[in-house]
Structure formats: structure tokens, C-alpha cells
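As recorded in TrEMBL:
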{"type": "COILED", "residues": "13-40", "note": "coiled coil"}
{"type": "BINDING", "residues": "47-52, 153-154, 178-184, 203-207, 357-360, Ala417", "note": "GTP binding site"}
{"type": "BINDING", "residues": "Ser51, Thr184", "note": "Mg(2+) binding site"}
{"type": "REGION", "residues": "251-326", "note": "region 'Disordered'"}
{"type": "COMPBIAS", "residues": "256-269", "note": "compositional bias 'Basic residues'"}
{"type": "COMPBIAS", "residues": "287-298", "note": "compositional bias 'Polar residues'"}
{"type": "COMPBIAS", "residues": "309-326", "note": "compositional bias 'Basic and acidic residues'"}
Amino acid sequence: MASMSSCFAGSVSSEAKLISKEIERKLKEAKREAKSQVKLLVLGAAESGKSTFIKQMRIIHGTGYNSEELASHIPLIYQNINVSVKVLATAMLDLGIPYEHERNKLFGDECSELPRDCESTLTTERVLSIMLFWKDEGVQECYLRRNEFHLLDSAAYYLSSLNRISSPTYLPTLQDVLRSRSPTLGITEYLFTIDSFMFGIVDVGGQKTERRKWIHCFENITSIIFLAALSEYDQSIPEEEINQDVRNAMQSQSSIHRRNNNQKPKRMVRTQSSQHVPTGKKKIKRQFSSVHQTSSPKLPNDLPPFPVIRHDSEDDVGKGVKGKSETINRQRESNALFKTIVNGQWFKQTSVILFLNKTDVLEEKIQHSHLVDYFPEYDGPKQDATSAQFFILGKYQESFEDNKKSKRTLYSHFTCATDTENIKFVFKAIKDIILQSYLSNYNLI
């Protein structure tokens, strides 16, 4: 009996050793794969353009979208349209803007009562009603005041294209897909090769509830690409959505502002404008190898938060109140998030690339919404998009340079994520920086 027991114990021990060796082998293999991959972490606040940038990478360096994949975006595009109409209709009520025509008021009142998870279908009758609604002078006035509530950037694009989009033979264009909005849930990693290097681009959710998942992506990061929306300077976010780390960073920024109130922000040397787009460049063959997605795709039911009307006071520019609920300027929140990330313990040695995105939206908005009304320290000319861009860049530069011990350089670019040529140019410009950082990390240079 003792002999049988001894044999059994020996068998278990041998099996355990085999399992242990197999685990060790897989760990070593995983480490080799990690070292052979240039890993980019794409971060930023919600709606900064992260997922649009990822789509562009797929178009430029990958397989793009076939007809079936384009068609799969139709329900999302229809939902984006329905959500936009609901948001505008709700804002019409909250802002007290009268409709030009009674029929549009009746339709708008009906839309404002729709559930938040709007339908992903469009009937012929509804399309006609939306067309009339969008042309209403009252709705157009409401649209001009969209900084006072939360509206999708693509609203005007879709609502002005309803004839085409509602066609029975409609197949979304690449631009339609790029402008579609669905919050990133979970973590998605895209792999593709370029110049014999394997690139892994990790996209994570920008909403507050998704940020706690970022920590799982921090290992073996070559570079951070942080996206910030230039157009958010006149928008706000409910204060309760700001986490404590970002609150602390915002308080620190206030101290910096008080110290530097009379200083002009420096212009970054390493900055590329979205206006410089090369042509006739030699193409490099690239393969979009695979996609790893940790969450199954589904239509969003929280897109976007419905109107939180902001009322500015002279004492608190950039904040607002609805009842007792405070709101924070979204540009300041994004900047505070940037500061928290780049000065955090995980990224002290990681190269940082800043994309100041949505230059197109800024250029349109700056003509009627003045930067100085939200950032009193701005002393540049009104209606000047370039001056506004460099002012906002200066704010991020201050946050980056807050860590005096760091010897890193901030590589910044003004971008329009929906412009494929612009993103193609920008990524080519940063590719060498990323590869140099990768080679340096593994002592290969």
C-alpha cells in the first residue's frame, strides 16, 4: 500500500513539474513576443478622437474596410442621427428656443421623450421629419449654442447628408465610418507590421468608468499617444465625473496659472500642423495582421449624456451650474488627465506624443465662440484658430514640464483625425521617434 502511495505521489510530482516547465516556457515566449512588438498606448478623455485615429491606422496601414464591414456601420450611423436629434430637441426645451414652425415643435417634443438608447433604424416618414426639423431656424440657433450642451461632433455632417444616407442602396463611405461614434468599452489591441516591425496599438475607453482599466496596459509600453480635442475649450463636464487624481492635477494647474499669469506660453519647436500634408510619397507595403478585442461590439446606450445646460458666471469662467451641480471646463479636465498620466510612475521613461485633435471643429467654432471667454489669460486675437491652437498647446506643455526632473521631449502635432492624408503624414513623422524609443528601451542603440 505504501508502495502504491509512493508511486502515485511521484506521478503527481512529475506532472506538476511538466506543467511548471510549460508555464515557464510560455512566459518566456510571451516576453520574447512583447520585446519584438512596438507597443503604443492611445489615451485621452472621452470623444477626443482615439477610436477615429485607430480607424485611420486600419485604413492607412491595414486592410481597410470591405463592403460588408462598411454596411455593418449602418445601424450605428442611424443611431448617431437619432441621438443627435434627441439631444437637439431636448436642448431646445432647456434653452427655451422657439421653433420656426409648429410641426417641427411637435416632432421635437416627441423626440425629446425618446429613451436614451435611441433606435438604430430610420423610416422614410422619420427621415422627412428630421430634414424639416434640421432646417428649422430655431434648431439652427440651438446648434450654434451647442457648447452649452453635449452634441456629437458629427451631428451636422450626418443631418446634412440625410438624402444620401437614407437611400435604400446606402453603403457608408469611409468618411461616414470615421465620423461614427461609439464609446470604447474595454481594451482593444490592433496589430500590424511596418518596416518589418510589429506595431501593437492599444485603444482603451476614455470615459471615467473605463480609465481604471488602463493600468493593465502599462507594461512594455514604447510610447504614449495622447489625444486632446482642441474644440472642447468652451464645453463642460459634470464635476462628479472627475476622479480624485485629475482633481488634484487641476488644482496644481490653477497654482501654475497664478504664477505664470503674465507669461505667454512658449511655442513648441517639435510641432507639426495639420495643414502640411505631403503628396506623392512612396508607399510602404503594410499588413494589418490581427485584431484582439476584449469586449464584444454593441451599440452604445449612453451616447452622449443628455444636455447639462451650463450657465457661466463672471466669477467662475469655464464652469457652470444646473441646480447645485458644478461643471468643469472639458479642456481643463483633459489637460489634468494628461498631467496625471505623463507624470505618473508608470510612464516616467516613456516617450510622449500629443495629438491636439479636431482642428477642423476648432476652426469653425472659434469664429463665434471666443477663447478668452473661457480662458481669461488668453491675450491673442479673436477668431484666430492658429493662435488658439498654440495657446492650448502651451497649457499642455506646462503640464508636461511640471516634472522638472524629466529629460523627455514632448512631441506634439495638430491633427484632424477624420482627415486620412493628415493622419498619414503625422504618423510618418512620429514613426522614427517611436522606433528610436523602442530600440533604446531594449538597449539596441
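Placement of Cβ uses the backbone N, Cα and C atoms for every residue, glycine included.
Automatic prediction, not curation, is the source of TrEMBL annotations.
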By the DSSP assignment reduced to helix, strand and coil, which category contains Val204 (GTP binding site)? strand
Rounded to a whole number of Å, the separation of the Cα atoms of Thr184 (Mg(2+) binding site) and Asn357 (GTP binding site) comes to 18
Confidence over the coiled coil (13-40), expressed as mean pLDDT on the 0 to 100 scale, is 68
Most isolated by CB count within 10 A, of the binding-site residues Thr184, Asn357, is Thr184
I need the most crowded of these binding-site residues: Leu178, Val204, Ala417. Count other C-beta atoms within 10 angstroms of each C-beta and give me the top one. Ala417
Can you tell me whether DSSP puts Glu47 (GTP binding site) in helix, strand or coil? coil
Binding-site residues listed as Ser51, Ser182, least Cβ neighbours within 10 Å: Ser182
With DSSP assignments reduced to helix, strand and coil, which class does Asn357 (GTP binding site) get? strand
Neighbour tally for Glu47 (GTP binding site), based on other Cβ positions within 10 Å of its Cβ: 26
